[in-house]
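Participant: Would you mind keeping the following structure in view while I ask a few things?
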């Protein structure tokens with residue numbers, strides 16, 4: 001764990017290499033495990049203002065051993081930031097793979113996929129890079145291709161995957177205009193070529209994105225154009241999320257252990273999750289990321305301070321209690337039911353007439369006087385949370401839409417009937433931890449709602465984090481706290497104030513004290529007697 005840009009992903013790669021080296025083997029399986037990282041980084045990482053190679057998802061790698069030999073591996077992914085596909089803030093980029101494709105594909109391949117000059121595409125904001133950067137991306141593209149081959153992706157699967165990604169970029173350039181004859185909306189004539197390049201039936205998709213039902217509370221044509229654009233972006237986000245989930249599925253199929261089920265395997269799990277974020281503009285995604293970090297910080301506190309001091313008390317050892325910064329009140333603010341922030345968000349998401357403003361008004365009235373919540377100031381609709389790592393101001397625009405994360409059934413049907421085999425299969429194969437749409441977990445949600453007697457929407461992000469935390473609490477954890485040396489992304493520069501701030505809010509100063517004053521070696525009675 002650590003801030004964005006502190007070195008978590010790089011440390012994970014070094015740790016994996018170290019473990020593979022300790023196995024003293026060069027088996028194909030071990031090489032495939034190491035090749036997984038460049039593949040996941042290409043599709044799941046992006047440049048942000050804090051980090052040029054920021055993980056936009058969380059991953060948990062389970063390595064399974066028999067007598068010090070790796071027998072298999074499994075990867076779980078959590079909370080992919082799908083919204084990045086359709087929008088990036090100033091100084092940020094889309095997922096790496098889009099830029100790698102433009103730099104690495106030959107002219108003939110670009111023509112086959114219908115790719116034009118990268119400056120034309122709205123989803124990558126018309127930004128590409130210098131010649132040196134493009135050369136580096138070209139090298140990265142070759143690494144991705146090698147990794148796809150090494151892990152075991154078939155050539156046609158690779159072609160289909162890149163065709164889908166090219167189609168996503170083209171879809172982003174489709175725009176809409178009013179239909180004068182009947183007051184509805186149609187695809188703008190100038191962008192019909194982009195619709196065709198999206199590799200789907202023009203008339204079918206055109207009808208789908210233009211027939212989004214208008215809200216009875218705002219039935220204007222301009223509102224319908226906006227809804228059509230939202231439908232277009234929902235399709236792009238869903239497709240990219242499913243491609244990423246499919247890659248994880250394929251990796252797990254190829255790395256699964258092939259041993260007798262009766263054989264007991266030991267396991268090492270490595271969690272590499274996105275770091276705490278505080279940007280100039282913080283949205284729904286930053287709230288989810290920071291919530292995950294709040295939960296991991298609470299887990300750290302529970303394991304290092306609460307359990308350890310309880311053990312000393314149980315053994316009746318002379319011990320002066322060490323106090324620590326407990327972030328439980330912040331978790332209650334966010335997760336409590338029925339009046340936590342996410343529960344209120346679910347409640348508002350269930351009402352068609354609710355808006356981001358009504359949601360913020362609800363927060364302001366519910367959390368008045370809460371020490372960890374501050375109402376927004378100025379004209380920007382938002383609020384602030386005092387997290388364990390500091391105050392973060394969130395912009396509330398888009399919260400309800402992103403929480404709903406739904407896709408019309410007729411749009412899903414379009415992909416089921418696609419002539420591209422990979423695209424039609426994406427519906428059934430996806431990873432554990434994408435931003436779940438409510439339909440994906442409908443059966444599970446209905447059971448929970450019935451048992452709890454609650455008439456409210458289930459928050460998918462809570463489910464994904466709950467699965468992750470269950471795994472953490474069932475393991476014997478070791479913590480690697482990554483410290484960011486400076487805020488300028490400069491090598492060889494240590495800003496002592498930046499470092500000290502992280503040591504304080506992470507609770508590492510108290511951790512040093514409990515390690516110094518506590519008991520580092522704890523043999524069982526049997527071990528002690530034997531010695």
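Positions of Cβ are set from backbone N, Cα and C atoms, glycine also.
Residues or ranges marked as ATP binding site by TrEMBL: 2, 3, 4, 5, 6, 7, 8, 9. Positions annotated as domain 'Myosin motor' by TrEMBL: 1-531. What TrEMBL records for 465-487 is region 'Actin-binding'.
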Participant: Near the region 'Actin-binding' (465-487), which same-chain residues lie under 8 Å Cβ to Cβ, leaving out any that are not at least 6 residues past its ends?
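Facilitator: Residues packing against the region 'Actin-binding' (465-487) from afar: 1-3, 5-8, 11, 15, 50, 58, 60, 76, 78-79, 269, 271, 273, 275, 291-292, 295-296, 299-300, 303-304, 432-433, 493-495, 498-499, 502-503, 506, 508.
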Participant: Within 10 Å of its Cβ, which one of these binding-site residues (2, 5, 7) has the largest number of other Cβ atoms?
Facilitator: 5
Participant: If you draw a 10 Å sphere around the Cβ of residue 9 (ATP binding site), how many other Cβ atoms fall inside it, taking every protein chain shown into account?
Facilitator: 24
Participant: List the other residues in this chain whose Cβ sits within 8 Å of the Cβ centroid of the ATP site residues 2, 3, 4, 5, 6, 7, 8, 9, in sequence order.
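Facilitator: My list of surrounding residues reads 51, 275, 482, 484.
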Participant: For residue 6 (ATP binding site), what is the tally of other C-beta atoms lying within 10 angstroms of its C-beta?
Facilitator: 20
Participant: Run through the region 'Actin-binding' (465-487) and tell me, per DSSP, how many residues are helix, strand and coil.
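Facilitator: Breakdown, helix to coil: 9 helix, 0 strand, 14 coil.
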Participant: Within the chain of residue 4 (ATP binding site), which residues six or more apart in sequence place their C-beta under 8 angstroms from its C-beta?
Facilitator: 48, 50, 51, 54, 274, 275, 276, 277
Participant: Count the other Cβ atoms sitting within 10 Å of the Cβ of residue 3 (ATP binding site), across every protein chain shown.
Facilitator: 24
Participant: State the count of C-beta atoms found within 10 angstroms of the C-beta of residue 8 (ATP binding site), not counting that atom itself.
Facilitator: 23
